[in-house]
């Protein structure tokens, strides 16, 4: 018998008071193998917290908890003598399916990148997902947020008017200024055609993107209601603000469909979230049943929302001016993300939740409804070059946003 086994066997023998314990049952264990089996069986009864606490007094000495438990029986005992003994607990437990489903969100950045590459290499894989499917898809993402939220969360969000105002300023003041800056750079420094500069400015004038709400939900779930309130407010007022900004920056007044905007808000934001909240309030068992399946479905829907605009507008993206516009759009969104994060840190530096608020306003400032800009470009501008920047923006703002999701989620995990 090894030294470790002898030591443990001695303590197990003392701990169980084996002589009186066996005599009380009139057991005669003369056979040493049978006695060893019985000793091991009794040791297993104390293999939980009590035995582990007891073993902690044995000192380190190269002894670890699990090997000690397995050494309660003598080394020279036969395997056949333990056929009917109680099995020791399993060291490794299988990961349940529910845990795997809930962890699907961690693969979102990789899925978004894969969908982008697939859309470029084989556009028909996503081109079937036309604009008529986009509103229901975003509505599903908002439903997933609603199921994981409560009405109290939204009431708390409305109690933060300063944060809501900051998100609005980032969307309709900071971003249009950046759009005008990069639009001017495209003409004066890069010598690009004026319609491309118009497309960049037009992209900066539209409302916030619903994907920013989902990105916030993945990074800081407690901030998702605040993000939804910000996006809803910018979308509701875009019917007046976007035409004004387009006239101010571009010199062209764009009539926006007020009825269509209101219908868009109801379909994509209000109705799905309200449905999720009501379901969570009155039918919690149903929510518990469907909640594990929402993350993988949300990842799949997000991949479609990213790959489809790129596949449909791949010719514009791959045009001769596409690379220059791509770099400008990347610089535009990167500046917007940084501005939203840094300015929030300055204004709300005394808030206890300044970091989550910075991430939330960074998403709100860096991501906007580029599809609305693309629709306005196709409808009110005859030059097809105007539609290239918003078409590229639909992909870039999603890729950059969900890359930040991956980055900030890892930082939060490492900080815990």
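Heads up, the Cβ atoms here are built off N, Cα and C, so glycines get one too.
In TrEMBL, the annotation transmembrane segment applies to 292-312, one of the ranges 145-165, 292-312. Through the fold, the transmembrane segment (292-312) approaches residues 97-98, 101-105, 107-108, 111-112, 114-116, 118-120, 123-127, 129-130, 133-134, 137-138, 140-141, 144, 147-148, 211, 214, 370-371, 374, 391, 394-395, 398-399, 402 of its own chain, all at least 6 residues removed from its boundaries and within a Cβ separation under 8 Å. The stretch in closest packing with the transmembrane segment (172-190), judged by the count of Cβ pairs under 8 Å and taken from 107-127, 228-250, 324-348, is 324-348. When Cβ-Cβ distances below 8 Å are used as the criterion, the transmembrane segment (228-250) is approached by residues 142, 145, 154, 157-158, 163-164, 167-168, 171-172, 176, 179-180, 183, 198, 201-202, 204-210, 212-213, 256-258, 261-262, 264-265, 269-270, 273, 360, 364, 369, 372, 376 of the same chain, each at least six residues removed from its ends. Remote same-chain residues near the transmembrane segment (387-409) are listed as 106, 108-109, 112-113, 116, 196, 199-200, 202-203, 209, 211-212, 215, 218-219, 302, 305-306, 309-310, 313, 316-317, 319, 321-322, 325-326, 328-330, 332-334, 337, 359, 362-363, 366-368, 370-371, 373-374, 377-378, 381 (criterion: CB distance under 8 Å, separation of at least six residues from the stretch ends).
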